[in-house]
Structures are given as C-alpha cells and as structure tokens.
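The next block holds one structure in the form of structure tokens; read it before the comments.
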C-alpha cells in the first residue's frame, strides 16, 4: 500500500573497513521526513547517532544480495543497510520510498517557480553584509537567476532542422557552463555563517541542477535520433548515424583539480576530430585479416614507464575521484585520470606476457608429462614481470570494443631448451642448445615464429580474447579475460575472470589455467601494485596439476610480491616440484630429486616483439588507435592526452548507444562465442585436425 507509516526496528549498518557491519536501531519519522538511528532501542529517547533528510534521497536495493539496500541523501551522505531477509528489506525500501516521494513533492509545492531574481555570490562581500543576511522564509533558490520560457498556446511545434540543432547545442553548452559556475560558486562559500556550502537547500540545488542537465542531454540526443531517422528513413541493421556533435560529457567537472573548458568543435585538433569521426566499426570490414609476419618489424618503441611516485601534484584529482566512489563500487564505468595511464593498451599488455617465447616454446620439448607441467609453471611465473612492467602503479588503456592487437616473435631454435634441460640447477632458461634434427637428419629452419592476436570482444562487461601459436611446434594458447575492478578504500582491486587453455598438439595435452588478481595500493601516497590470489593449472590427460599462491603483503611485516606453489601428481598426491620467491625478482624451484634451480627474472633476456608499422595498421589496431594519446603522454601533455582519450571514449559510447537503439548486435572479428568463453576463429587444433583428415582421405 502507498500510505505513509512510521516504522522502526533493527538493521545492520556498514560503518567502515575496520568496524564493518553493526546492529543499529532505526526509526523512520514520516512527519519530519527523517531516517534516524540509535545504538539500541533503549537509547531511543536520547539524541540520534545519525540523521538523514529523505527529501530528494534515492533508495536503492543492492545487487550484491537480497538483504542489502542503500539510502543516498541529497547531501551526498549514504547509509548502507542490511535487513534480516528479503521481505524485511522490501518493507523498509517501500516505506522509505513513499516517505521520500512525499517530502520531495512537498518541496516543489512549497517553493513555486520564482520571478527572475539575481544574486552574485562573487560580489557578496563579507558574511555580515546585508546581501548575505537571510530571512527565515527565504529559500536558497531565490538567490539564483531562475527563468521560465513558455511556448505560445495553440501553435504547432515545427520539425527541428539541422541548423536549429546547432543552435540548441550552443544553448546547451552555455547552460552547462552556467551550471558549472553555479556549482563552483556554491562550493566556494564559507563553511560557516548564514549561507554556507553545506546548506541543505544549496546541496539540493546542486543535485537537481545536475539531474536537469542530464535530462536535457537525453532530450537533445532524442532530437538527434529523430533528425537522423527523418534524413535516412528507417534504420537498417548496421546503419551509422553521423552525430552533429558528440553528447556533452557531464561526468567530469574537474580536470587535474581545475574547471574544464569545452571548446567549440572548430577549435579541436584535427586528430581529435578524426578520432570522433571514424566510422562505426561494423561499417568497416569485419572479416578476419591474415597478418603476414614478414610485414612486421622488430619493435623499436621503448616506452620506459616511470613509477607514479608521490602523487602530491594530483592529490586534488584523486580526492575528487574518491569523493564519488563507494566501498565495493564497480569501477568498470568510472573514467580514471589520465596521468595514471601506461603508454600501451591492455591488449598489448597481454602480448607482453609472451616476452619470453623461448620458455613458452620449450614447454612442448619436455621429456615427459611431469617435466612439461614444470616447464609451463616456470613460463607462467616468469611472464608477469614483463607483462606488469615490474610493479609499476600505472594502468594500460581500456580497449574499446573491436580494438585488436597483432604481433609476433622470432627466436633462434638454439635459444630453446631441449629435453631434460629444466630439472638441473646448472642450466639457465636461455641456455644455448643445438637445434633439433628432423626425421631425415636435415636441420629445420633456424627460427621459430610465435604469432599473437588479441581483440576486445565486449565492452560491458569488458572482455578481451587473445590467442598465440607456434605452428612449427604444434602448440597454441587461447584465453579470454574479463577485468572486474572494485574500489576497496585506499586501494583498487582488479579481478581477472576467465580461463586460458594451452594446447600441446604433439602430445594431445591441454593445460587449463587462470590469472591472479591485481591490487593498486596506497593510492593517496606512493601507489604500488601487487598480485594476489590462488591460481590453478591442470592437465586432465596426464593427471598433473599446479597450485600457485600470490601472497599479498600483511598489514605488519612480511615480504612484498611473494609467491609459492607446488606441482603434484593427482593420482598419487605426490609433490614433484616446489617453487617460492618473488614474481618480479628471483624464483627458486626445488625438484623431487633434491636439485634446486634459481631464476633471476631481472636478468632474463626479453625477446622484442615484431609489430607492423603504424601506416600499415588498421584504424582499430591498438597502436594506431591510441597513437595521439601515447604521443601526448610521451610529451608530458596530460591535458592533450585527456582530450584525445575522451574523444575515443565518447565515440565508443555513441556507437554503443546506436547499436542498442537499432538492436544491432556487435560483430567480432577474430573470436567466436563458445559457451561462457571466447575462442579464436581459426585455432591451430582445428587446422591441424583438418589437415590430418584431408591426408587420411587422400590415402
């Protein structure tokens, strides 16, 4: 029922990371429009421990379970609460929503639209000047210019022409600027006095003005769609709408602690206009492209990443960002500041996990199932140092949907360890071994080629697929990764959801594996990165498995970047190898025969990848797509990098919105959906199987 009802009872309230959840006695006061809480029922006659004004609040049931909900007040304060069951949660949520709606509507009735008034906060003088003296009956809205324009009655609204849309866009820009000035003026008010920045009416005005601008933007977008449909008629699948202007971004009011300017389109650099005007990806060829490794050149790009160090200069940016985040909040849709970016895409980061291709190819050379599993564990643990660039606290670019990255490695066969080369402390990972001979005694070609391709197959959720193969050794790896990032207070956690499978076709073996979580720590002081979590590697055919633990640093004492693990035979439960050390420093492997081997990751030789020159890359290949952002970061021009990055993200949002409105599915280029995962369209295990079948038929 929709009647208002005073209710009270115990709920659990989340306080902070240290205290966690606590039982508190809550009272909904419908007459006053307040949600109050006390330590317990017996202290109800005392002053409340906390009070929330419900006018303008948002009551939201949580997605994390059926018991939790949040109360977000117009002041920005939030209560995260938990009922005993779903029924009790629904009762509280419905009563709170009814009370909130009643008092929000009452504000509108008690404060009808005012005649135009003006009040300049910039010229208000001291807090004791007459301009600041506030009568009790005077609402804060009366301090600002409020105007209303009505259409003449009886007149039909004409169809809006393109030039009118440009005029509307100009007025929208002006309104957005005025709204930004309003917010800045409110925030510049003193913290005490008759009119403060924390005045309830002013806080309400900030919230409603932002909501109004967002609503106007949505309306403007509808007009754009209407005009496009009139111009094009019906919208067939795959049709691209050329936007007159990208939708105004209201998400970020501050850039590096200062107010942003939204220059006119004509003043934008040509590269930004180019980024915004690239056609819808599905309009380009979505046919898989065969990359010729001979066109790829050894990568001469040497973008050394400096650690962030102390972030004093950007503290205002980080604090502004943190003020908008809630504990456990999903950061997938949050735009992070540009200064924390690495000069590479996430897809290229996955390629950098393959920077030791000699160890990768050496896996299949193992003399038996046990040795092959140990070699895979060795390769796996050595991949993170180069892939993560040590422990530098920067993040790669978030790939846009349809983005791809191609590269390859060529390595002399003499650099690949032969049989039985792993289980000896005398051998190093890069030991030079004579190239193997084929069945007729002739030497095979001098080099192995490892090819790599990655594609961003989904935007929400953000899923990447990557595939690498060495045809000469009949081995390949296919993986898909969904990056889920969450705000954890003074750190950010990234969970790598997904699975990879290594195929050793020569032996008929498949090794499934997962990836550890990553954490950005101390984000307000000197940020640093660590890996954490337990991962498993399994080979069902041989019965060998590996369990690896990436240990996060304890609050007191302990070592950084510690990793431990063991390889065992599942049938006999026998441990055949143990490993310990640091994933970005030195690893120690101890074998069942008592031998020990040390691998110093800082001294492992890195094989440079081979990449096509920019001029030969497609418009959605990572380096060409992000080239202007990368160049700006190299030059140290954060503002320019931010502008280029925003243009790419805005284009992606527009394209995603169009696909949703026209019900046009996204077409991937190299990867196909397979159950919950993604598989490369032409994996080596299929081509080898097809070749064997064809050979059998010919015989």
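In case you wondered, yes, glycine gets a Cβ from its N, Cα and C as well.
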Region 'Disordered' range according to TrEMBL, out of 638-658, 659-679: 638-658
Three-state composition of the region 'Disordered' (638-658), taking helix and strand from DSSP: 21 helix, 0 strand, 0 coil
Averaged pLDDT, computed only over the residues in the domain 'PH' (4-101): 87
